[in-house]
Every structure is written in C-alpha cells, then in structure tokens.
Ligand SMILES: *Cc1c(COP(=O)(O)O)cnc(C)c1O
C-alpha cells in the first residue's frame, strides 16, 4: 500500500526517462507526450541546453535566500518585463502562489485606498489553484466542497459576459479587481469573444480596478504569443505565470504594471524558495531558448495547422461539439463525458488529458515537430471516432 496521501487517482504508469516529446515507462514502452505535464514542459523532456545550464547552476549555487540579492532572479524579472511590458515581478514556486500574491496585492491596493472589505470579481468555471484563497476564487464546486468556510471577498459572474460585470459594478461597492483567465484551461479550453479583454480593460479603468490576468496555463508561448493578452492591444495591471516558465522546474511569477505597481513594500509578502538561483536559471534558459529557436512562431503555425486538421477530421463527426483553442492549447469538446479516452490513448502510446468531463485537452510542448503532430492526429482521431460510435 502506498504511503502517499490519496490526493490523485493516478494512472497505472510510471515513467523512467524522456527525450524531446517522448516518454518511456518502466517496461520500455514509448509514449508521445501531448500534455507536457499539463503545459509545464515547454521544451519537452531532457532538453540538452536546459539540462546543461541546470547542471552547471547546481554545481555553482542552488539556493541562497531572498534576504540577499539574487542575480539570476533579477535577470528573470528584467526578461519577463521586457517581453510583457509589465514593470515589476514577484517570483514564487507555483500557479496558486502567483495567484495568492495577486489576490493579496489587490486587497492591499484596496486597503491603501480606504476600501476596508476589498472584493475581487471572479468567473464561473475559473481555475486559480488549491490554496484556500485560490480555491475560493475557483469556479468549480468540486474544488471547494468540504473546505468551507471559503475565503470571503470574491463575487462570481459568468465568463465572457461584460454585462454581468457592469451589473456587479452598479450594485457592489468595494470591488478592487477582476481576476480572469484569457483562455480558461481547466474549465475546458474556453476562449472568450475577441472583444472581451478589451471590454474588461475599459470597465476596470472606469472604476480604477485592477485587471488581473491568470496566464498560468495560457501564458509563455502556449498560444503563439509570449502572453495570451498580446493577441489584443490591452495591458493588464497584474499577470500571473507558472506552469511553462521553468520547463519543469517549479517557478511562478506575479507581475505588476500600471496602477498596481509599487503596491507591495518590504514585509508585505515573501517566499523562502521563490526565485532561487536554480529556479531562476530554469526560467531564464527556458525564455532564452524559446526566443532563439523561435518557438512562438512555431507554436502559432503548428497550432493553427493542428486545429484545422482536427476540425477537418472530427468537425463533422456526430458527437463532436467543438474544436477550440489557440496555438498549442487545444480542446476537443464531445457531447458526453469522455474520461475513458485518456486510458485508450495511453494504451496506444499517447498521453492526453480530459478536463471539464467532456473536453479532450492537448497541451503539447512547444518543440513538437510536424511529424510528431501528424502522429498525434493518427492516434487520437480514430480513438475519438470509435468512442463516439459506441452504443
Ligand atoms: C494550473 C493552474 C493554476 C494552479 O497552478 P499550481 O501550480 O497547480 O498551483 C492556476 N491557474 C491556472 C489558470 C492554472 O491552469
């Protein structure tokens, strides 16, 4: 019997090593990894340049403390600000921590303006993490059930609905921020109308609220731009990152700009591990390789092609509701729960995920080649057709 706490219904497979977009299990079987540890392994597995840089960093310095200056961390902050146009960065170790920082920042911003019960607007079907504050912000009862009392200070509205936000604005005092995913990941790869973020920006500006974008899943090249908001002309006040930032080494970040800049002062927030030399090197080298190897353009091009292929091959199949997403963040929604496709795909040497019960989710690493994308199509499409033909 396992001594691990029973927090995951784990699949019966153990991997020993990987190379590029491939993983091998303890029996020597090979799998095409179209999930990348849930959008984490930006550069696939065992990327030679990342491996070399991390090995060298481990030999020099793994951890000092945020009581001292950390050069690698400052370089990551510089790079993230250069790429995003944001102004300052707090480094942490995960997505929920990045969002905790954002929530704390919004509350402090409100309190500094004399708002004593600052409230944040959050969305239905949102996912922001599993700490108490972030599970309270999450729009999924399964994540919250049993952990009441929830953290107060959130009001929930439907996603992609600007009128709902305007109504809250009219009836709820003490709003300080809107926290939203530019594309909902766990919620089922839901992409809002192209005018949604622009509309949110306008409402936030009218009320001096912070626009806080959770780009933990959709950021860092996944959609074909560095950040999903860059498909629009707006800038957020706060943006959170994690998953793909360190290519597998835990790193998260909370970025601020505009009216959110300068909110935190020494003593307001911290993290023992956050942005240590090893984690920061992982982020720096990941960003550097993404830039040098032009992985954004690649993700945009390959993602467009993959989506078209899925639309052609599955669009007309009865039971396929939609093929959605942007870049290498794709979802295939079926008209019934389809969790069993995960196991079928695995038996066929392919790793995918199902989210929101009926959405097959694909988050391949940004180094996926066209040949490998073709292999993904060749394995997955017949499985979906067979699954839908049952009964
Ligand atoms: C995964 C995810 C999180 C939580 O990240 P953890 O690293 O698991 O804490 C938060 N927001 C979004 C959008 C995510 O996809």
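Going from the start of the chain as shown, residues are counted 1 onward.
Heads up, the Cβ atoms here are built off N, Cα and C, so glycines get one too.
Curation plays no part in TrEMBL annotations; they are all automatic predictions.
The annotation pyridoxal 5'-phosphate binding site is assigned in TrEMBL to 127, 214, 215, 216, 217, 272. Counting every protein chain shown, 28 other Cβ atoms lie within 10 Å of the Cβ of residue 217 (pyridoxal 5'-phosphate binding site).
Annotation comment: TrEMBL describes 130, 271 as N(2)-acetyl-L-ornithine binding site. Cβ environment of residue 130 (N(2)-acetyl-L-ornithine binding site): 96, 138, 143 lie under 8 Å away, each six or more residues apart in the same chain.
If you look up TrEMBL, you'll see 243 marked as N6-(pyridoxal phosphate)lysine. Following the DSSP three-state reduction, the secondary structure of residue 243 (N6-(pyridoxal phosphate)lysine) is helix. Cβ-based neighbour count (10 Å, all protein chains) for residue 243 (N6-(pyridoxal phosphate)lysine) stands at 29.
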For the binding-site residues 271, 272, which one has the sparsest Cβ surroundings, going by other Cβ atoms within 10 Å?
272
Cα-to-Cα gap, residue 216 (pyridoxal 5'-phosphate binding site) vs residue 243 (N6-(pyridoxal phosphate)lysine), nearest whole Å:
6
Which binding-site residues out of 215, 271, 272 lie by ligand 1, going by a Cβ under 6 Å?
none
Tell me the Cα distance separating residue 127 (pyridoxal 5'-phosphate binding site) from residue 271 (N(2)-acetyl-L-ornithine binding site), rounded to the nearest angstrom.
22
Residue 127 (pyridoxal 5'-phosphate binding site) to residue 243 (N6-(pyridoxal phosphate)lysine): how many Å between their Cα atoms?
13
